[in-house]
Amino acid sequence: MSSLSAFYFAGIVSSACFFGVYIILTFTAIHLLIRRERTVTTIVMMVLTIVMFGVSTTYFALDCVLVSDGVLNPQKYPGIVIDLWSAKTTTQIICQGINSVLGDSIVIWRAWVVWGRQLYVVIIPLAFLLGVAFSSFGMAFAQSRASTDPNYLTLFEKSMIVLPCLTLATNVAATTLVLWRVCALHFSMKKLEHHGTAASHGTVQYRRLLKILIESGGLYCLTWLLLLCFILSGSPAAHVCLSIIGQLTGIYPTLIIVLVSLNLTQDHIQGPVVDTGIKFDRNAVANSTLTRTVSFTLAHASRNPYDGDGEVGVALVTGDGAECGIDSMPSPDCPSTQKGYDMHKNAYNTCEA
């Protein structure tokens, strides 16, 4: 086996390993989605999960056929391993384009939710995603014509560089947005802890899961970066990256769907926090034991905790759900046990009389 054939064979083996992981992840996602309430979001996620898995399966099957055909019949394509200009290769490019667009859309969607569904925040990733769609299908069109028209060969070669760049930019932008929110939540928790409020289990879990998304997104971006480097250097290792990416474009967004299905990154991560012995001196108000329920929601966490107009990253609600004002004096209708610290206004909430 030649060194070039060895790279293609390594690509198939690597792709098979990731495809096995993808199978388990897909069936896990489907199982979790079936158990969820039938909403539009659930139905859309189910459809996307099935479509992406079907596209990745098609890509893997075509990869096996192309490589086995070239390796087992070297006389069919002398000097090369696979026929780069065949209809099978064109179909692979289309499959890759479909999964890239669908997968990156899910990644951007999560960043959009984390940022409180503010559309302006994800405008840049959406612009990159539009470029990914055009370059993917433009690359497939150029590849299908390059064997008969040399003019399309130049377009195809440029597309091989532009597509990884745009995909990398899309995912870096989306991952950076999520990272920004993790940092904001971290500083919010630090500020609460400074005032004697301990972070709940729900908050710690929420931050850990966002870190999972960031780390997996970082690995995904690293794979695209390696592919770009291999293409620019003309290394045959690019095929190994291509085979792996054919599965990663489905694995990464499916992982997000699994986390959402488990309600681990959804909008209702809650956890009780009981703070004892919190003392404050506000017009001789007696020391009190405060029981607070800290409700963590992505909608609240989506706004800058230091922004003067938005809601704080962590909402503090009194134990009985009473409506509280800012710095009002205690009264029979508003006992001191219903006070809560408002991080946004840097003051204590007390119930209105």
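Counting begins at 1 with the first residue displayed.
Quick reminder: no glycine exception, Cβ is built from N, Cα and C everywhere.
TrEMBL lists 6-33 (among others) with the feature transmembrane segment.
Sequence annotations record features per position, and here TrEMBL assigns transmembrane segment to 40-62 (among others).
According to TrEMBL, the feature transmembrane segment maps to 91-112 (among others).
The annotation transmembrane segment is assigned in TrEMBL to 119-141 (among others).
Under the heading transmembrane segment, TrEMBL lists 161-182 (among others).
Sequence-remote contacts of a segment are chain residues at least 6 beyond its ends whose Cβ falls under 8 Å from one of its Cβ atoms, and for the transmembrane segment (217-238) they are 3-4, 7-8, 107, 160-161, 164-165, 167-168, 171-172, 174-175, 178, 244-245, 248, 252. The annotation transmembrane segment is assigned in TrEMBL to 217-238 (among others).
Per TrEMBL, the feature transmembrane segment maps to 244-262 (among others). Within its own chain, the transmembrane segment (244-262) has Cβ neighbours under 8 Å at 11, 14-15, 18-19, 21-22, 25-26, 28-29, 32-33, 36, 45, 48-49, 52-53, 55-56, 59-60, 63, 92, 95-96, 99-100, 102-107, 110, 209, 212-213, 216-217, 220, 223-224, 227, counting only residues six or more beyond its boundaries.
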- Query: Taking a Cβ cut-off under 8 Å, which residues six or more beyond the ends of the transmembrane segment (6-33) line up next to it in the same chain?
  - Reply: 42, 45-46, 49-50, 53, 56-57, 60, 63-64, 67, 70-71, 81-82, 236-237, 239-240, 242-244, 246-248, 250-251, 254-255, 257-258, 261-262
- Message: At a C-beta cut-off of under 8 Å, are there same-chain residues at least 6 beyond the transmembrane segment (119-141) that contact it? List them, or none.
- Response: 90, 93-94, 96-98, 100-101, 104-105, 107-108, 111-112, 152, 155-156, 159-160, 162-163, 166-167, 169-170, 173-174, 177
